[in-house]
Amino acid sequence: MTVNSSATALREPALSPSRAGLAWGFLGVVAFSFTLPLTRIAVDGLSPLFIGAGRGAVAGLIAVVALLVTRQALPRGTQWARAAIVAGGVVVGFPFLTSYALATTPASHGAVVIGVLPAATAVMAVLRGHERPPKAFWIMAGLGAIAAVSFASLQGLGGLHLADLLLFGAVVAAAIGYAEGGLLARELGAWQTVSWALVLAAPVMIVITGIEVAEHPPSATPVQWAAFAYLAVISQNLGFLAWYRGLAIGPMAQVSQIQLTQPVMTILWAALLLAEPLTWPTVLGALAVVLFAALSVRTRLTS
């Protein structure tokens, strides 16, 4: 047997492209599913402002190194503005809003509200791409939003609290960032898109972090610092690398639906890591939100 044939034989067990895409996508979703519980841990010892800005600052520095080492070409023309939109959604909006929200609400509660994110992302993608999906898409997306609002209201004893509004704002911000990032990734590449978004936001994030450290020196336990490190390195950087790589390998339609499992995993981690009670309202709320999100995404993909 020749060297070349031996190499070929060794490569045969590798995953098929479709399975590789699903595997990378699932890895990304697993990484993201820890974000809310670990944010809840971090805010017990670190300020929401420090967490929101600090994770962006650390991830931005990692992105700078990655882009320089791999000698990536600079974005051109309107790509800069589009990368700024991605940054505003997933580097600034979502981290800050969830950090402040989880200072006063359980991670499992946040998981149910944010469970509407796949449907919200689909809506933003439809609007951004000027698509004309069937009425069923809008009905299912609307029912998903109603389910999330109803759950938040019932948990809030009949009304929405500030934390709920922050979480819904985080959903909108992330949906815009995901939708624009998905389009821009076709031009710049998957991980390059989020890296350039991180680089654009890094100067502001570093300044905010520096001011916050000077005014309120952080004092946290090793566990809380470890949670912050995860948010900065995994949630804000490497998780996106796996997620966007999965979307790039595809099939994108199937890979994108893996995100529907994220709320379920987040609720599980919240129960295991934070000892948050797994109540029937939380379970039923999560199932309702995930169901309508799945139906809306499915309707769009099959139309």
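Glycine is treated like the rest: Cβ placed from N, Cα and C.
Here the domain 'EamA' (20-149) has a mean pLDDT of 91 out of 100. Annotation comment: TrEMBL describes 20-149 (among others) as domain 'EamA'.
As annotated by TrEMBL, domain 'EamA' applies to 162-297 (among others).
Per TrEMBL, transmembrane segment is recorded for 21-43 (among others).
Positions annotated as transmembrane segment by TrEMBL: 49-69 (among others). Remote same-chain residues near the transmembrane segment (49-69) are listed as 39, 42-43, 91-92, 95-96, 99-100, 191-192, 194-196, 198-199, 201-202, 204-206, 208-209, 212-213, 216, 218, 228-229, 231-233, 235-237 (criterion: CB distance under 8 Å, separation of at least six residues from the stretch ends).
For 81-103 (among others), the entry in TrEMBL reads transmembrane segment.
Counting residues 6+ beyond its ends, the transmembrane segment (109-127) has Cβ neighbours under 8 Å at 36, 98, 101-102, 133, 137, 140-141, 144-145, 147-148, 151-152, 155, 163-164, 167-168, 170-172, 174-176, 178-180, 182, 256-257, 259-260, 262-263, 266-267, 270, 282, 285-286, 289-290, 292-294, 296-297, 300 in the same chain. Annotation comment: TrEMBL describes 109-127 (among others) as transmembrane segment.
TrEMBL lists 136-154 (among others) with the feature transmembrane segment.
The transmembrane segment annotation in TrEMBL covers 160-179 (among others).
TrEMBL lists 191-211 (among others) with the feature transmembrane segment. Remote same-chain residues near the transmembrane segment (191-211) are listed as 49-50, 53-54, 56-57, 59-64, 66-67, 72, 75, 80, 83-84, 86-88, 90-92, 177, 181, 184-185, 236-237, 240-241, 244-245 (criterion: CB distance under 8 Å, separation of at least six residues from the stretch ends).
Taken from TrEMBL, the feature transmembrane segment covers 223-243 (among others). For the transmembrane segment (223-243), same-chain residues at least 6 beyond its ends with a Cβ under 8 Å from one of its own Cβ atoms are 24-25, 27-29, 31-32, 34-35, 38-39, 41-42, 44-46, 51, 54-59, 62-63, 90-91, 95, 190-191, 194, 198.
Taken from TrEMBL, the feature transmembrane segment applies to 278-297 (among others).
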* Asked: By a Cβ-Cβ criterion of under 8 Å, what residues six or more beyond either terminus of the transmembrane segment (160-179) are in contact with it?
  -> 85-94, 97-98, 100-105, 109-110, 113-114, 116-117, 120-121, 123-125, 127-128, 148-149, 152-153, 197
* To do: Go through the chain and flag residues at least 6 beyond the ends of the transmembrane segment (81-103) whose CB is under 8 A from any CB in it; none is fine as an answer.
  => 35-36, 39-40, 42-43, 48-49, 51-53, 55-56, 59-60, 75, 110, 114, 162-164, 166-167, 169-170, 172-178, 180-181, 183-184, 188, 193-194, 196-198, 200-201, 204-205, 231, 236, 240
* To do: Six or more residues out from either end of the transmembrane segment (278-297), which same-chain residues have a Cβ under 8 Å from its Cβ atoms?
  => 108-109, 111-113, 115-119, 122-123, 136-137, 140-141, 143-144, 147-148, 150-151, 154-155, 256-257, 260, 263-264, 267, 271
